[in-house]
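First comes the structure, then the notes that go with it.
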Amino acid sequence: MAPGPARISLGSQLLPMVPLLLLLRGAGCGHRGPSWSSLPSAAAGLQGDRDSQQSPGDAAAALGPGAQDMVAIHMLRLYEKYNRRGAPPGGGNTVRSFRARLEMIDQKPVYFFNLTSMQDSEMILTAAFHFYSEPPRWPRAREVFCKPRAKNASCRLLTPGLPARLHLIFRSLSQNTATQGLLRGAMALTPPPRGLWQAKDISSIIKAARRDGELLLSAQLDTGEKDPGVPRPSSHMPYILVYANDLAISEPNSVAVSLQRYDPFPAGDFEPGAAPNSSADPRVRRAAQVSKPLQDNELPGLDERPAPALHAQNFHKHEFWSSPFRALKPRTGRKDRKKKDQDTFTAASSQVLDFDEKTMQKARRRQWDEPRVCSRRYLKVDFADIGWNEWIISPKSFDAYYCAGACEFPMPKIVRPSNHATIQSIVRAVGIVPGIPEPCCVPDKMNSLGVLFLDENRNAVLKVYPNMSVETCACR
């Protein structure tokens, strides 16, 4: 009879472990990875960029203190992915993120989103709601005591039931009131066995809200239970990503429209149409009057090169197109010769910028090393120099380049002149029509630049601006 009590004692020791065994069995059978829905851009933004050299925590710190959350990490990874692969984010040129503001209504957390910063020119492609799903709260096992006359004196446990389903509810709000309004959408979710981030496609909800002009939305993760009052970590706050295609991004001056926060020239500092070296005070005279327009973007006095070498002499005969006509030798009359002499005297007597000679020689020597013919020159733009670094997260600077140089006749093949530029250079060389300028050295092929910045509501925005960096130059 001695072994009987021992077996009962062993069973009573194992009984408290039954709920844990059941929970482990359910977790082992139902374990799944993070469900990032079917949005390829969102999934690749967080899971496909593990080869980044910069850790997510360090990258998120670029958004400022307290911003090391998932939305910051997600946007930075989307930016890094575009820089590496060059693929448009989500098939468009714009990604907007919207942070949530938490409010407690009827002892339940409700998240509010302000989507009013979306521009009218931005055509919504897809939208995703990203949220952290808490691990399920399994009901406790209830003990069922045996009756006093039962032969089996051991106690039994009632198997715990399944956790409650999670309901995701979206409502639109009126801008004049803070109450929840029209129901925009609802979906039932099964809580995962462990806490993880999930994403749900809410494109139809966002498009309908924008069509109705109601861009103040609320989202509620309802479990049917009251909130226990445990504060939610700031890193687990939900957010919305909207992938759009900005139809106005190719318009002139689009980069300044979206990135410039204030006028770089305050009132009184600059007048449109005024000469660059003019002064508001008529008594002040500047020693900076250039006699002729710098059509080739070169420094004044660059022609004073020690070794006289025209740009055409630097090219072989085969580098030019064959000429179907004879050499051009325009005949000048007395009036033209007299006018030319006057222009020469005026140019010689005019003054240039009043820099010291050492600085001018250094600048000229730098340009002497560069080809005189139209070509691409190096230019690095630092956003801090133009006052945009306060809201631009990345890049801090970029290689913009620029085009400079002469497009004189005959133009070599390397400058890739257009047909119009070729005809214009011939007419100028003949000299029959006075006042015809040289063709201009302008960008031919340009590259896009992805910029990650903060909008007026401190939400991270990724935009891909076209024609930001010069790749090749040509005469036009």
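These residue numbers are counts, starting from 1, taken along the chain as shown.
Placed from the backbone N, Cα and C atoms, the Cβ positions cover glycine too.
As written in Swiss-Prot, here are the features:
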type: SIGNAL; residues: 1-29; note: signal peptide
type: REGION; residues: 39-63; note: region 'Disordered'
type: CARBOHYD; residues: N114; note: N-linked glycosylation site
type: CARBOHYD; residues: N152; note: N-linked glycosylation site
type: REGION; residues: 268-301; note: region 'Disordered'
type: CARBOHYD; residues: N277; note: N-linked glycosylation site
type: DISULFID; residues: C374-C441; note: disulfide bond
type: DISULFID; residues: C403-C473; note: disulfide bond
type: DISULFID; residues: C407-C475; note: disulfide bond
type: CARBOHYD; residues: N467; note: N-linked glycosylation site
Minimum Cα separation from N467 (N-linked glycosylation site), reported as the residue among disulfide-bonded residues C374, C407, C441 that achieves it:
C441
Compared by Cα position, which of the disulfide-bonded residues C403, C441, C475 is the closest one to N114 (N-linked glycosylation site)?
C403
Nearest by CA distance to C475 (disulfide bond): which of the disulfide-bonded residues is it, out of C374, C403, C441?
C441
Can you tell me the CA-to-CA distance separating C473 (disulfide bond) and C441 (disulfide bond), as a whole number of Å?
7
Is it possible to get the count of other C-beta atoms within 10 angstroms of the C-beta of C473 (disulfide bond)?
24
Have a look around N467 (N-linked glycosylation site) and count the other CB atoms within 10 A of its CB, chains all included.
14
Tell me the Cα distance separating C407 (disulfide bond) from C374 (disulfide bond), rounded to the nearest angstrom.
6
Whole-number Å distance between the CA of C441 (disulfide bond) and the CA of C407 (disulfide bond)?
7
C-beta crowding around C374 (disulfide bond), within 10 angstroms:
31
Which of C403, C441, C475 has the fewest nearby Cβ atoms, counting only those within 10 Å, among these disulfide-bonded residues?
C403
